[in-house]
Amino acid sequence: MPFLIMLLFVGAIGFQVSFVSRSTTWDMSIAGWVLTGVFILYTAFGLFSNRLPSQMADIIWLYGTATSFSKVVYSVLFFSVTWKALLWIISAIFGDVLIVLLSGDHINLLGRSIIFVGLFFIAEVWLMSVSCARTVKKMKRVYVLVFLLMLGIYSICLYRFFFLQHSSGIWESIARFISGVGLVFDTLSPLYVVVFIGIITVSFMTIAFTSRQVEMKESLVKEAEFWEEFQERQFGSGQIIQKPKTTWWGLQGLNGIWSFLWLELLLFKKYLFFHSIHTVMLSGVFYVVIFMYPEWFYLLFFLIVSAVMLSSYYSGIVRHSQSGTLHLFPGALWKKIIILELTNTVWLYILYCVSITFMAVGNLVYWYIYGLGIYIWFMTIRLFAFTHTNRNDIKLSLPQYYKSFFMALGLSGICLYVIHLLTADWYTLVVVVCIGSLSWCLFYRFR
């Protein structure tokens, strides 16, 4: 945990120094569109994820305590806002000190961070209110309708304002309002003060209303029952011989080495709507980037790959290993690891191939092989981080995992860069990556 806190702290300081320090040169209209988009994303996160206690032990405590449920919600909200605000303010102080030491200038990042803390507060309160609303059916329908309405209006305005380069009537007024949100970093007009106060008021009213509903606690009980059943399946379903079952899509069940994928499919079924929306939105973003802003494609793809890489600790392989299913279910360990990693990451390579095809680049076969080499390198780092950590720490603690992860990433990156300097040929680099990764997998198989 200290390692993760240090990583977040260093990242926050870097963001403050490299990005927030230049806030006076920002295009405030673009900042307004970004802030509005983030607000809509927060609404989606609140609708599709639970920010409230969801473990059975927590639910039992909630039913047995004399404390009102609204106080529990406010406590969770207070903790979420406090640690993020402290991280941001302290990183701003260190950023100011760093800039003064390096350049002698005083930019006052601390003063600017107050604005971000206020935006954090509004976003977190709204996120908690939406998460509370999802536990009550009628409120959930209202918020889903609000989310779809905001997403639709935002998409239409974005298309008309940036792609058609003109808008008229009500769309122009809405686009001007969205662009004006970015002015909070400069001057705060009374209109946006009223809007922000309105969002906070609606959020607290939603929290107060839903926390008094019995349906909210019942929904949390169902959530806790699901995770309790999920854990029981993980710990209690490691039988070598299993009878064929029928899956929820009507085909024969997964047996043998594929049996542990039942748990992944169970989670996929639970969040089917979220995954569908995620796929549609990601496809839409890539369509816009490829055909309208192709120069941004590599940055977008790099950010997605980086997010998947850095979140590898929460992937299926670590989760199954910690629960025991990776070792209890039938099949060779290395086969189960490879199958599980492929099912969790192969979509990245498919997305890369489809995107490259639509971008109409020359010599597609070369770029497919190039992408395959990078994908194998990507897989190798994840496999090394897991196996090295599992060998030294059977509990797979987060700090130990990321130490192995960054060690593999750094050493392999240095080796690849040296090879690139010596050969000056990216094709040679890809071949080396493929052969080296294949050799590593073979050595692990016959170790």
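The first residue you see is number 1, and the count goes up from there.
From the backbone N, Cα and C atoms, a Cβ is placed for every residue, glycine too.
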Original post:
Per Swiss-Prot, does LYS140 fall on the same side of the membrane as SER276?
Top reply: no
**OP:** Check the topological domain 'Extracellular' (319-341) for me and report the mean pLDDT.
**Re:** 76
Original post:
Would the transmembrane segment (364-382) count as touching the transmembrane segment (190-208), i.e. at least 3 C-beta pairs under 8 angstroms with sequence separation of 6+?
Top reply: no
**OP:** Mind checking which residues of the chain, 6+ beyond the ends of the topological domain 'Extracellular' (81-85), have their Cβ under 8 Å from one of its Cβ atoms?
**Re:** 117, 120-121, 124-125
